[in-house]
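*Asks:* This structure is in structure tokens; I'll ask about it shortly.
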Amino acid sequence: MIPTLYWEDDVVMILDQRKLPGKTVFMPCRDMRRVIYCIQTLATRGAPAIGVAAAMGLALAARSIRIKNKDLFMERFAEKVEVMRAARPTAVNLSWACDRILNLVAKSDLDIEGIKALIKDESQRMLDEDIEINRAMGKNGAAVVPDPAVIITHCNAGSLATGGYGTALGVVRAAHEAGKKVSVIADETRPLLQGARLTAWEMVQEGIPVKVAVDSSSGVLMSREMVDICVVGADRIAKNGDAANKIGTFNLALQAQRHNVPFYVAAPLSTVDLDTPTGEAIPIEERDPAEVTHIGGRLLAPPEADALNFAFDVTPNDLITGIITEVGVLKAPYIESLSRAKAGLISKE
Ligand SMILES: CSC[C@H]1O[C@H](OP(=O)(O)O)[C@H](O)[C@@H]1O
């Protein structure tokens, strides 16, 4: 699988996902601002990938600070962390990554140059960890995938949305690797078509059969019993299990409930935010209406027409069969299971 992002000496190389599936282009990022640009334009996207990109961006930010006094350095660095934190509002992994780096630096007694190296090393550790977490999550999730199974997914929660391997698509990969006969229905996922462009591309690369479907077709597909299970990603999971994910996920979950199709959310524990009590408290990003009125840069709607572009929606916890994580498949009541998992009280036997 092509890497999502990586260090090349002191440059962060970020795969420009806006150009997939046609072109594989890596953008060299030599400063934090360039990384923020990649996050805000969705050149790099997906909650875990955004977290890793943020950590790498903070390493670039630290290196750019020329202050020799450590206290003043730390003040300036903390200011840059808050600029990074504001890059996108919904995926909690961004804030989680900022806090992880801040906490690490605050506890360090290294000198300034030592801290700069520490942040870069930590960003690489986060990338490596994420891939291992996704593999463990995939294995846990594969156990709930029937054999054979048609798995419907929404947006892209694959290798491209993470450090590698993927969350929802990690479950697909693990089931496939375990010898289960799986195929995927990829919701195209308007407006930016992460499903048609990215999920389909990842599945083709893996040799896993995939069909692209119009977002609004999930009802007819399930009424014709063409779907065995739904597995999607998440950008933030509230303390009660309500899960924010790409716009259209809630609609898919409603169809799944109507047709008794199991609906799973796959996400690392870093996407669970115990400080957010319910889905109502999750900030939902609203993006440029031009993403809706245009496709591939071509205007679809009359120029006088405005557009609504909520980038995410929230699936209430009662529609979620289980939350697949690196420590196991968590079930309701989610307040208990998520809190116990975050406290390290649940580990894969
Ligand atoms: C594994 S997190 C993937 C998650 O992120 C996507 O949003 P975006 O493409 O805007 O970053 C989408 O919600 C995916 O499910």
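Just so it is clear, glycine is given a Cβ too, placed from its N, Cα and C backbone atoms.
According to TrEMBL, the protein has these features:
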BINDING   Arg45, Gly46, Ala47, Arg88, Gln194, Asn245, Lys246  substrate binding site
SITE      Cys155  site 'Transition state stabilizer'
ACT_SITE  Asp235  active site, proton donor
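In the displayed structure, how are the listed features positioned relative to their neighbours?
*Replies:* Within 10 Å of the C-beta of Gln194 (substrate binding site) there are 27 other C-beta atoms, taking all protein chains into account.
If you draw a 10 Å sphere around the CB of Cys155 (site 'Transition state stabilizer'), it holds 29 other CB atoms from the protein chains shown.
For the recorded site, Asp235 (active site, proton donor), the DSSP three-state label reads coil. Every protein chain shown contributes to the tally, and the Cβ of Asp235 (active site, proton donor) ends up with 33 other Cβ atoms within 10 Å.
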*Asks:* Around Arg45 (substrate binding site), how many other C-beta atoms are within 10 angstroms of its C-beta?
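*Replies:* So the number of other Cβ atoms within 10 Å of Arg45 (substrate binding site) is 27.
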